[in-house]
Structures are given as C-alpha cells and as structure tokens.
Amino acid sequence: MHPKIYSVASINIDELYSVPHIARPGETLSSTERQQNAGGKGANASIAAARSGAAVHIIGKIGADGQWLVDLLQSTGAHTDHIALDPSSMTGRAIIQVDAQGENSIVLYPGANRRITGEDVREALGGARAGDWMMLTNETSAVAEALEIGRARGMRVLWNPAPMREDVGELAGMADVLVVNQTELQGLAGHLGIEPAEDVVVAERVTRKLGLHVLAVTLGAAGCLGLVRRPTLNAHEICTKDAEETQRTDGSDGSDAGVAVIRMECAPVGKEHVRDTTGAGDTWVGYFAAELARAQGDSPESIGALALLTPMMVERAMRLATFAAGLAVTRMGAVPSIPERRHVERFLREKQLFDWSEQAET
C-alpha cells in the first residue's frame, strides 16, 4: 500500500491576465485575455500529486466565495474532508500577469489561508500513520506547528518553503525533503551562514548542515538538482544516462555520510511552445512528492523507513516531475495546465511534445 499524502495547502482564486509585457512601475496596461481558475501553491501541488495517482488529503480553509474550489479539487481525485469554511474571511487571491513569453508576475492576498491553526492540522491528521507524507508550503499559517506535528507522528515531511520567511533556516531541519528554486536556495544558504558559491556546492552544504535526507533544487530552463544524503552509497545506485550522479564525502559535517548529486536537464520543450510558467513549479513539487511516496510504498521493506529512498528512486521522481512541469508550461493557467500521469508517461516515452488537449489517450 502506498503512503497517503496530507497536504497543508493554500487554496486561492487565480485571476490571470494576458499582457504584452509585465507592467512597469506607474504603467497601465490593457489585458488581451482574462481567466479565473483555482490556484494556490498548495492546491496546485495537491492536484498534481492526485493526477499522478497519489491518495491526497488536503488540509486548508476557504471563504464563503470558495465552495466551487472544493468541488474542483474533489473532481481531481483529491480528498477534501479537511477543507474548512471560514465565513469571516475571503478565499485567498492571486493576481497574475502573464506576458507574451509566458513569464509571470504574481501578487498574493492570503485570505483564509492565514486562518489555518495547529489544531486544524492536528485534527486532520487523526487518521495519518507513521510513514505517510506531509506536503506544505509557506503560503499558509501554522507552518511551524505543522512541521512539528508531522515529525511527532512519524510522517515524512516534504516542505517547499515558498515564499521564503525569516525563520526558514531554523525550521528547515524538521523537513525530510526540501524543495527550493535557485533563488530560495541562495536565500536559505544566507540564513544558514553559508558563503555564496556554485549552486551544487551550496546545495551540498545546505543538505549536510540541515541533515536533510533529500534536497531538490529547481532551476527553471536549466533543469534541476537532487541531493540524497545516505550513510553509504552503493555502486549499483547509478542514475540513468540522462542524469549525472556523483558521490561527495568531504566529511565537512563531521560524519562519514555520502551525498549523491543528481543533475538533470529540463524536459524537451522549445521556447516557441511555452505559454505560461504559472504553476509549473507546483506541478513539479506535486509529482515529485507523489513519486517519492510511490517509491517508498513499492519497497519490499517497511513503509516507514525513509532511508529506503535511494538516489535511483529520487532520480526517477525528478524525471517524472520534470516532464510533468514541461507539459504544464505549454498551457495557460495553473490548474488547467497540470497534466495527468498518462500524458506525462507518454511524454517520457516519446521525448517529444504532442497534443494533449483531449482527455482520451490517442
């Protein structure tokens, strides 16, 4: 049986405006198109995990204007029993500009996302088992409490600490798996007193200093990095030819643990096919979490042993996540752009884009 994923999730209403370029200070622009979709980093990642086939239970809050979001989340296969209505708040909002190259600029209003309490999380996790997964971002309240509760229950905690907060360096050590982008990696390093350096060097130092099992760094068009900290690295744990893995054992943290470094290029999506990058990172996170949980559940040993996550397992999860995010940038909107697993697997097989606008497989 695969572990469940409990997602402490921000749930937003996204208002997306297509513009010729991102508005500059003092500039007024006319939009050529407007869309309203479900959004929020947590909701997006939850949908991605559900579309990947994981059993996802969402913990969150909405205002009276957000019931349609619950209906949509249910339609993706996610469990919504722990999404509560806060009648005194508005549902969170995101105002998104998307330019002709697919780049975006986002303004967030947290709304009901900031009404989540530690008690809400504790109650929602009443049915969780040791070895189940918790997934969370920084767009909600009660992040520190959720991290503590998850660890106390023996859950595996995957944290995407975005947007960055001042105490991230103090809290990150409570996560088993950390997912950051390039900017967040350097910011986290600064909080930890790590000197600026090449991304892979900084990532290794962060992994060691925090004692993380897995650190993943998304690099946009440059691909991604994965670091897996293990007591021993076996010769058979070598990634596929499309990724590079090295073992570093400088002992800088006073231990003899090795760190496997996985470098991966982005999916084969030409610039001419990029329509909107909104939600691509969340798609990556959701697919990555789902595949790690799947790998853990497929292991013949105990479901609760996170040490069973080998570099090979992490590399496979990174690959699936990378190709899912690659498909996501070819559509407008966050939730509408999150592909189903069958589409991602086809993209992986064929290594070239195809028309996935139809729900039925062709």
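The count begins at 1 with the first shown residue.
Keep in mind that glycine also has a Cβ here, set from the backbone N, Cα and C atoms.
Among the candidates Asp276, Asp282, the one that TrEMBL lists alongside Asn12, Ile13, Asp14, Gly40, Lys41, Gly42, Ala43, Asn44 as binding substrate is Asp282. DSSP gives Gly333 (K(+) binding site) a coil state; it is part of no helix or strand. Within 8 Å of the centroid defined by the CB atoms of Asp276, Thr278, Ala328, Arg331, Gly333, Ser337, the record's K(+) site, lie the Cβ atoms of Arg275, Thr277, Gly279, Ala280, Val329, Thr330, Met332, Ala334, Pro336, Ile338, excluding the listed residues themselves.
Summary: among the binding-site residues (Lys41, Arg331), the fewest other C-beta atoms within 10 A of the C-beta are counted at Arg331.
Among the residues Asn12, Ile13, Asp14, Gly40, Lys41, Gly42, Ala43, Asn44, Asp282 said to bind substrate, no two Cα atoms are farther apart than 15 Å. Each of the binding-site residues Ala43, Leu219, Ala221, Ala328 was scored by the other Cβ atoms within 10 Å of its Cβ; the lowest score goes to Ala221. Across the recorded positions listed here (Asp14, Asp276, Asp282), the residue whose Cβ sits among the most other Cβ atoms within 10 Å is Asp282. For the binding-site residues Asn12, Asn181, Ser337, the largest tally of other C-beta atoms within 10 A is found at Asn12.
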